[in-house]
Amino acid sequence: MPKKGGGNAVQIVQRHHFASHLKRMAVIVRIQEEFLVFVKGAPETIQDRLLALPPSYVDTYKKYTRQGSRVLALAFKNLPDMTVSEARSLDRDVVETGLTFAGFAVFNCPIRADSAAVLSELKNSSHDLVMITGDQALTACHVASQVHIITKPALILYPSRSGQGYEWISPDEVEKISYGDKEAEELSETHDLCVGGDCFEMLQQSSAVVGVIPYVKVFARVAPEQKELILTTFKTVGRITLMCGDGTNDVGALKQAHVGVALLNAVPPTQSGNTSSETPKDGALKLSKSKKAKPEASNVNGESSSRGKAVSRSDSASQSAGNRHQTAAEMQRQRLKKLMEEMNEEGDGRSAPIVKLGDASMASPFTAKHASVAPTTDIIRQGRSTLVTTLQMFKILGLNCLATAYVLSVMYLDGVKLGDVQATISGVFTAAFFLFISQARPLPTLSAERPHPNIFCFYVFLSLMGQFAIHLLFLMSSVKSAEKYMPDECIEPDSEFHPNLVNTVSYMVSMMLQLATFAVNYIGHPFNQSITESKPFLYALLAASGFFTVITSDLFRGLNDWLKLVPLPPELRNKLLIWAVLMFVSCYTWERLLKWAFPGKIPAWKKHHQRLAAANVEKKKNV
């Protein structure tokens, strides 16, 4: 409806909704008794449906798309005299042809403040970034260059102007390279490639999907089913994929990705002192700052506020005007109440948004509360931290089990046992270590280094075997040295526990091994906090080291008597302390050597891709 003061009402008779494969939408309207068609869509789509193409049409829209703006072409045409039913029955293709160009609608969509920083961090942490968008290719390339997805000269795949084949063209149309199935990998080393949705059919018909898609950085004008094809192709060549999506058209791709992250279009919370929104009795709405951050919401809020004031004025006027004014005021109240209910449904911008049917979150395991890609770094940081924590837990458990198995089997046959208090103290320290080691938090920034992806690998196997060999040598040597100071006597394995020198030495050595196992196998930087940064674990290690130093040096005889530990000869005591230091240094050196020799690697997907490409070539020859 036009504003008051002139103009005619515009009645929409028929609406042809937007379709991703058509890239346009149209409405048939009636102004008084005249029927018109209004169409808007992608400039490259509308230009083929114009009666007369302006000379500067292509140059104009490309100028703005190269600057990163979104451009819609607007067109119209007059319809002959007809009835409403006839207008509604017109075929869509007839409605959207023979148009007159009206102009361009140019939208400047600024990038979120945190997007460039987050994507830069992802790229620096050995991840490849790919953009999949419905925007025009030139717009997509400009935005991708601003957020560090594109860092090399860009090439966009277009149908050749001669009508035969395709060619790679730079955004400024200076560089042109003929398209070939086998040239994508070579071109990707010097350029960043962009492919539009109109080229997917050609890639599928020529069986070049596997040969081209893995090397493309930007996918533009992409339909929902094409997004799904992109993700399945990446998985086929061995890539591990994480995708962010915020709409229903992303559902298929989010399901195909290894990790799907749905972004809800909510307003990020603002740091403000007054975060409560109030609804005064007079109907005027006092809005929080977080609600004003969204343009659409601001318009609605401003309207509701003015209506609220109108209600209050109507209330005061109705007392002296009569029933007619009271009826108008009642209608205003109902409108205000409806607006308030709609606003409440949208949320206040601070609480978690309500997930509705059709949201991308229905198809993804992760849902971000706000429309920001920052949660992807949180997922990767937490995932890496969980992986390395699990890895170190298995290594520590493995070494402890191997040492305990030797103590409880071979040494048990020699009559070596642990007292009840000794076993209890050992268990308490083990539980405390496992508790505090799990308190380490991931580092705030991602590193380029990757953790080992699984437990069954050369690094873990060699680390376990090497450390266990050092532990076993230390344990056996210490017990043999203690036996020299023991009188020759036969100890029955099933007899009651009696403190002796061999028991004391074996208990001290096993506890030293336990301490060294936790300290050496803790994985800190570059994934988790280091030992010095993880204060609970650091204090536990220091407390355990002090405890073992006290009982080994026999500073408090009463404590050793309570633990059923006999005094050690000075020579044996010094030898144990020296061997303990050598054992720790040897295990630490062995672990660092293996980490240098077997670093975490990025999956070698290109070799797998080359085998797939060769198989496709053979398949085409056989066909």
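Residue 1 is the first one shown; counting continues down the chain.
Just so it is clear, glycine is given a Cβ too, placed from its N, Cα and C backbone atoms.
Because TrEMBL annotations are produced automatically, they should be read as predictions rather than curated entries.
On a predicted model such as this, the values are computed, not experimentally measured, just so you know.
Check TrEMBL against the ranges 102-120, 425-443 and you find transmembrane segment recorded for 425-443. With Cβ pairs under 8 Å as the measure, the transmembrane segment (455-476) is packed most heavily against 576-594, out of 425-443, 505-524, 536-556, 576-594.
Non-local neighbours of the transmembrane segment (425-443) in the same chain are 381-382, 384-385, 389, 392-393, 396, 400, 418, 507, 510-511, 514-515, 518, 522, 524-529, 533-534, 536-537, 539-540, 544, 563; each lies 6+ residues outside the stretch with a CB under 8 Å from one of its CB atoms.
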